[in-house]
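Structure first, then comments.
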Amino acid sequence: MLPYDESMRILADKLRQCQTRQGWYRMEQPLPAVAPLAWLHGVDSSCRLYWTERSGNRSVAGVCPELDLTLAGAESLGETFALSREVLQAIPGAHFYGGMAFTDQMSAQWRAFGYGRFILPRFELIQQRAETVMACNLYLPGGEESRRKCHEAAAWLERQASRIVVQDTDGYRAPGIADRYCVPDQQQWRYGVEQVLTAVAGQTLHKAVLSREVRLKLEHPLHLWDFLQRWHSENPRSYQFALQVESGDCFFGTSPERLFRRQSRLLWTEALAGTMTRGMDASEDQAFEHRLINDDKNRHENALVLDHIRDVLAGLCERLESDREVSVIKLRHIQHLIHRFRGVIRPGITDYDLLTTLHPTPAVGGSPWHEARHLIHTLEPHSRGWYSGVFGSLGLNDTEFAVAIRSGLLRGRQLSLYSGAGIVAGSEPDTEWQELDNKINTALALLDG
Ligand SMILES: C=C(O[C@H]1C=CC=C(C(=O)O)[C@@H]1O)C(=O)O
Ligand SMILES: [Mg+2]
């Protein structure tokens, strides 16, 4: 394998020799192993994105948007997906990366992200199993302008070639937390939970997921890419994602939850809801797992997600099977109930259909959705933005979206961490408050020096 700098120069040479006919182009060049997160450190771009699959099979760092599809509202999603499909048909190996908000009710702090944003990066560093590849996606408008674009891209690659690639993050230092407060505070939270319980008792609602924003002021700047790597090493079987926009603001997260994965017409999705802490030792952990599996409130939280998925997918799938029994997935500080689905979608069903039908599941929204949505928007004092939205990778034959929970928004030294809890009959406000803490404990422990 050629060294990193030589490989980058080879790709630059290929670009300089590229034909200039109008159209989409994609070029790939194998690289020696470089961790995408480490690479993002030093790379020159005002927009950076990161995506890693839960399976650990594929991690991608993408920079310099070649096509940036920013959505003003939900109504442009169909058009955006149709356009991305046209591009992907021309360069089938490529992917768009990005995400979408929980709903279209968003405050100004989320403006740079739009309602949704799907990016085809010009440069992609892809680590797939044991292989690392640098890919370049380019649209050439034809003639002299094509030549100019190719030369510009080649020059960029050559500049990166001589930069030092940071390989490990042993030097990570927690930034320290100077100040923190919760929105809502615990008093307001109790009120919100009581309101949901009243609606549940009145039988207009089965479940609503209420959330909280913890606003932190960091003592020192956060080394975001190092932080993400550390967070992932605590929860290795999670998705990880980040989108840093031109202002430097970054939305990121480490989520255990899949919205869906599609490969051709095969589909995988799941109901992930219901939470318990981990035990201090193996036997206590086992006891907690047993308690979680047998707890009515947690089972009910999960069952409502399960029923929703089964109902909405019935019309989209030719076949749909689910696990017979609920099982448990374990994260660093908590464990969840999970129920998996496998299916075959009908011909003609698109990622747009799957996304808009599944999102938001009652793992982040509620049931019925219409009632839950109203309560969430009236009771939550903060704006969720992209928290509990979706984030993923959109391909021609392989698409995967995570539910964007366990996530946060970094703006300079201000960091907001979000977490939510499913409120159903039997929920107790203070226990659910504790669940919110448990869900962000892994991230908090890495921040608090
Ligand atoms: C809404 C969140 O978690 C969901 C996913 C798993 C378990 C959940 C629960 O037990 O309440 C939530 O439905 C969050 O982490 O912000
Ligand atoms: Mg819960």
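One is the number of the first residue shown, and numbering goes on along the chain from there.
Glycine residues also receive a Cβ, built from the backbone N, Cα and C atoms like all the rest.
Pulled from TrEMBL, these are the features on record:
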- K207: active site, proton acceptor (ACT_SITE)
- E257: active site, proton donor (ACT_SITE)
- E301, E435: Mg(2+) binding site (BINDING)
- 186-439: domain 'Chorismate-utilising enzyme C-terminal' (DOMAIN)
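Structure coloured by features recorded in TrEMBL.
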| residue | record | Cβ contacts under 8 Å, 6 or more apart |
| --- | --- | --- |
| K207 | active site, proton acceptor | V200, H300, E301, L304, P362, G366, S367, A372, G422, I423, V424 |
| E257 | active site, proton donor | Y239, E270, L272, A363, A402, V403, I405 |
| E435 | Mg(2+) binding site | T275, S419, A421 |
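Only E301, of the recorded positions K207, E257, E301, place a Cβ under 6 Å from an atom of ligand 2.
Classification of K207 (active site, proton acceptor) by DSSP places it within a strand. For E301 (Mg(2+) binding site), the number of other Cβ atoms no farther than 10 Å from its own Cβ, over all displayed protein chains, is 27. E257 (active site, proton donor) falls within neither a helix nor a strand when secondary structure is assigned with DSSP, and so counts as coil.
Mean pLDDT for the domain 'Chorismate-utilising enzyme C-terminal' (186-439) in the predicted structure: 97.
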